[in-house]
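Straight from Swiss-Prot, the features:
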ACT_SITE  P2  active site, schiff-base intermediate with DNA
ACT_SITE  E3  active site, proton donor
ACT_SITE  K58  active site, proton donor
BINDING   H91, R110, R152  DNA binding site
ZN_FING   237-271  zinc finger
ACT_SITE  R261  active site, proton donor
Amino acid sequence: MPELPEVETTRRGVAPHITGRKILQVNIYEPRLRWPVPMDLPAAAQGKTVLNVTRRAKYLLINLGDDELLFHLGMSGNLRIVAPETPRMKHDHVDILLEGDITLRYNDPRRFGCLLLLNPPTQEHPLLKHLGPEPLSDQFSGELLYKRSRQRKSPVKTFLMDQAIVVGVGNIYANEALFLAGIRPTRAAGEVSLKRYQVLAEAVRKVLSDAINMGGATLRDFVGGDGKPGYFQQTLRAYGRGGQPCTVCQTELKEIKLGQRTSVFCPSCQR
């Protein structure tokens, strides 16, 4: 699933190509995504100019002034810039044609993503209003994690992946951040000290920033706005390495299921 770094990579890839350009036409080839694409979306978007492209958690928001297009890439989706004459592939579901011979194409093999119309643009939409702070913003800190974790008995990894606590820390990056911070994913969130949460917050920032700079992690279908895969997966130290030696102490990494997600940790380095 595309996580925050992959969505931010997509935003950075497509924004320079579409910002300031007028939408000429929207072609919906397959409206049956996670939620049906609104029937009035093509008419609402046509003739509007893209003012900016922003990201909130794993959602991409294309601002058109009075309206906003909300994209979620789901489990396997991607947005990329193509030439208008580029042949459409099997899972290409939406084309947004813009002036200057630019086409923004949405591809989603599993169709778990979405394209919605927000009118007017609002952070009060049900998909957005209950989200926690951005992990790369000033609102995110070790102090915040510490305060929100008190009395919680759930594992710290589950707590870290709660989108109401902090957005965008999916399974890959939660594994990596906890490894970097030396915190075992099974430890109760309420038992982690303020000092260790401060270390964890910095680890989250580093892991996500590094992933963004490397174009995200391509494990299955993800490609950026330029159609190229990311390469952060080449630097993974925990995720996907169960049974392999720890890169720090050479202890065999342990792999377990935690909340139906795979968790990998070092029994020696993480406590």
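Each position is counted from 1, following the chain as shown.
Note that Cβ sites are derived from N, Cα and C of the backbone, with glycine treated the same way.
Structural mapping of features recorded in Swiss-Prot.
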{"residue": "K58", "record": "active site, proton donor", "Cβ contacts under 8 Å, 6 or more apart": "P2, E3, L4, V7, H72, L73, V167, G168, G170"}
{"residue": "H91", "record": "DNA binding site", "Cβ contacts under 8 Å, 6 or more apart": "N107, D108, P109, R111"}
{"residue": "R110", "record": "DNA binding site", "Cβ contacts under 8 Å, 6 or more apart": "G74, M75, S76, G77"}
{"residue": "R152", "record": "DNA binding site", "Cβ contacts under 8 Å, 6 or more apart": "F159, A188, A189, G190"}
{"residue": "R261", "record": "active site, proton donor", "Cβ contacts under 8 Å, 6 or more apart": "K157, M161, N171"}
Farthest-apart CA atoms of H91, R110, R152, residues recorded for DNA, distance in Å: 42
Winner by Cβ contact number (other Cβ atoms within 10 Å) across the active-site residues P2, E3: P2
